[in-house]
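Report on the following structure.
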Amino acid sequence: MYYIGHPSYYRKHIEHVCFQHSGILKKRNYQKNQKKYIMKLNESAMKNAEKKSNSYLAIRMTRSGYNYFKGICVCTFLLSTILYLGIAVIMSHLCVFDDTAMLYLRQNRSRLAESNIFRTLFISWIRWDAIYFVDMAVNGSLFEQEWAFSSLWPKIISFLAFRSKDVVLLGIVSCFASIFFHAIACYALYLLTKSIFSNQKMTAYTVIFYCFSPSGIYMSVGYTESLFAAFSFLGLLLFIKKQQYPAAFLWSLATLIRSNGIFWCIFFGMPAIGTLKISLERLQLTFMQVSQLVGYGTKCLIILVPFFYNQYLGFKLFCPGVAWCNKSLPLIYPAVQEKYWNVGFLRYWTLNNIPNFLFALLSIIPILFALFYSISGSTLHSFRSIKSHLVLSALYLYIGCFHMHTQVLNRMSSALPLLYWSMAHATLYAKSRNLKAFGHCILFVWIVYTVIQAGLYGSFLPPA
């Protein structure tokens, strides 16, 4: 122990004070570091919370955007359908060129015809080919020319009408069935476009172009176009999901509805040609290639069998009593088309049909545009099965221009998705302003035409 004044006492005292002071400093540094750590934790927590809120907002915005574009598609479908059918009803009262629907109604008794509403709907919506389908639903295919129409569609109408023979009921049921299948076709095209392009805006514009396509009112009355489009788009949706046999089955049903359904074989024929090309280049045919070719051939047969079976039934019923039975390929469908509608190569190229060619330009020009736009450097060029779509569209264009009543191309092209994709893509994403303007112009012209077309249909005026 040291007394006060001893040098060692002061040294110990100084050490003690320094020790206490260093402890205070350490404590203060610890508190500062702790505060900094807490601040860092708070900052990271805030950042994480902000990220979560941003992701939540992004999800909400994505969902709201999805619902927005989906709502546009639904509204477009409802608006176009109601508009066309309403105009047809109005025009059927203002100006009627032909009384065939009324005469047919007088020849066939109907309880529903006693109601003014049902009678008005029948004489407004049942025109042209729709009368054939109603009559076939009542009596079956009695006449040779009726074999140019689908035998499945009248059976569907009859089934939905509970096998009734009431022509008014059958006619109205056929229209509402068409509207239903038109809705399915719209939704299938929506899902198909969304699956391929993953772009909601592109999907919505595709559906808008489809709803206002030149097929117009024929998608909502007792015609086969809407059912054919539904089977076609559903088949394509399964095809891109690599469910090829179900796709082939749906396309075979499309062939039962319209004979041009056989062209869906292109989607199996093109890969088969590619496989053969590879085998020829390598001068060998492997087991896997053989199995692929057999698979493609089987799928093509699934699509073709309904068409040729229907031709066989016609041959069995009418032959050997008619001239076409003696042909090398005795098919009833092309025979009655030639006999009753003068269908054949360049037979429609007459001066009096120039107006019908002008009507057909509504489809011819956009299809030509779709072909060139898809081949060019657009995004569509990289689409996997673009070659099959190009061949299908080119084939439709060739047959429509040179082998049939050209204005029918406006209806037949309703099941060409490439047409709507190219128009929608050009309208939204084309680099050239002229191409964007062209897309908007086509949409405007289609809307104007379909409104006029609905009025002409209600008045029983061409084009049909």
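The backbone N, Cα and C atoms fix where each Cβ goes, glycine too.
The topological domain 'Cytoplasmic' annotation in Swiss-Prot covers 1-70 (among others).
Sequence annotations record features per position, and here Swiss-Prot assigns transmembrane segment to 71-91 (among others). Counting residues 6+ beyond its ends, the transmembrane segment (71-91) has Cβ neighbours under 8 Å at 120-121, 124-125, 175, 179, 182-183, 186, 190, 203-204, 207-208, 211-212, 216-217, 219-221, 450-451, 453-459 in the same chain.
The annotation topological domain 'Lumenal' is assigned in Swiss-Prot to 92-166 (among others) on the grounds of sequence analysis.
Cβ neighbours within 10 Å of Asn108 (N-linked glycosylation site), excluding its own Cβ and spanning all shown chains: 17. Annotation source Swiss-Prot lists N-linked glycosylation site at Asn108 (among others), citing sequence analysis.
What Swiss-Prot lists as N-linked glycosylation site is Asn139 (among others), and the listing cites sequence analysis. In this structure, Asn139 (N-linked glycosylation site) is part of a helix by DSSP.
Under the heading transmembrane segment, Swiss-Prot lists 167-187 (among others), citing sequence analysis as support.
Broken down by DSSP into helix, strand and coil, the topological domain 'Cytoplasmic' (188-219) contains 26 helix, 0 strand, 6 coil. Residues or ranges marked as topological domain 'Cytoplasmic' by Swiss-Prot on the basis of sequence analysis: 188-219 (among others).
The transmembrane segment annotation in Swiss-Prot covers 220-240 (among others), and the record cites sequence analysis as its basis.
Here Swiss-Prot flags 241-260 (among others) as topological domain 'Lumenal', drawing on sequence analysis. On the 0 to 100 pLDDT scale, the topological domain 'Lumenal' (241-260) averages 96 in this prediction.
According to Swiss-Prot, the feature transmembrane segment maps to 261-281 (among others), an assignment based on sequence analysis. Under 8 Å from some Cβ of the transmembrane segment (261-281) lie the Cβ atoms of residues 228, 231-232, 235, 239, 244, 247-248, 251-255, 289, 292-293, 296-297, 299-300, 303-304, 307, 385, 387-388, 391-392, 395-396, all in the same chain and six or more residues away from its ends.
According to Swiss-Prot, the feature topological domain 'Cytoplasmic' maps to 282-289 (among others), an assignment based on sequence analysis.
Sequence-distant contacts of the transmembrane segment (290-309), counting only residues of its own chain at least 6 positions beyond either end whose CB sits under 8 Å from a CB of the stretch, comprise 244-245, 247-249, 251-253, 255-256, 259, 261-262, 264-265, 268-269, 271-272, 275-276, 333. For 290-309 (among others), the entry in Swiss-Prot reads transmembrane segment, with the evidence type sequence analysis.
The topological domain 'Lumenal' annotation in Swiss-Prot covers 310-356 (among others).
Positions annotated as N-linked glycosylation site by Swiss-Prot: Asn326 (among others). All protein chains shown were included, and the count of other CB atoms within 10 Å of the CB of Asn326 (N-linked glycosylation site) stands at 9.
What Swiss-Prot lists as transmembrane segment is 357-377 (among others), and the listing cites sequence analysis.
Annotation source Swiss-Prot lists topological domain 'Cytoplasmic' at 378-388 (among others), citing sequence analysis.
Nonlocal intrachain contacts for the transmembrane segment (357-377), taken as residues 6+ away from its ends with a CB within less than 8 angstroms of a stretch CB, comprise 214, 383, 386, 389-390, 393-394, 396-397, 400-401, 406-407, 409-410, 413, 416, 418-419, 421-423, 425-426, 435, 438, 442, 445-446, 449, 463.
Within the topological domain 'Cytoplasmic' (282-289), the DSSP-based counts of helix, strand and coil residues read 4 helix, 0 strand, 4 coil. With a cut-off of 8 Å between Cβ atoms, the residues of this chain six or more beyond the topological domain 'Cytoplasmic' (188-219) that come close are 65-66, 69-70, 72-73, 76-77, 80-81, 84-85, 87-88, 178, 182, 225-226, 229-230, 233-234, 236-237, 240-241, 362-363, 379, 383, 410-411, 413-414, 417, 419-421, 423-425, 427-429, 443, 446-447, 449-450, 453-454, 457. Outside the topological domain 'Cytoplasmic' (282-289) by six or more residues, the chain places 275 with a CB less than 8 A from a CB of the stretch. Residue pair Asn139 (N-linked glycosylation site) / Asn326 (N-linked glycosylation site) shows a Cα separation of 28 Å. Under DSSP, residues within the topological domain 'Lumenal' (92-166) fall into helix, strand and coil as 49 helix, 0 strand, 26 coil. With respect to their backbone Cα atoms, Asn326 (N-linked glycosylation site) and Asn108 (N-linked glycosylation site) stand 37 Å from each other.
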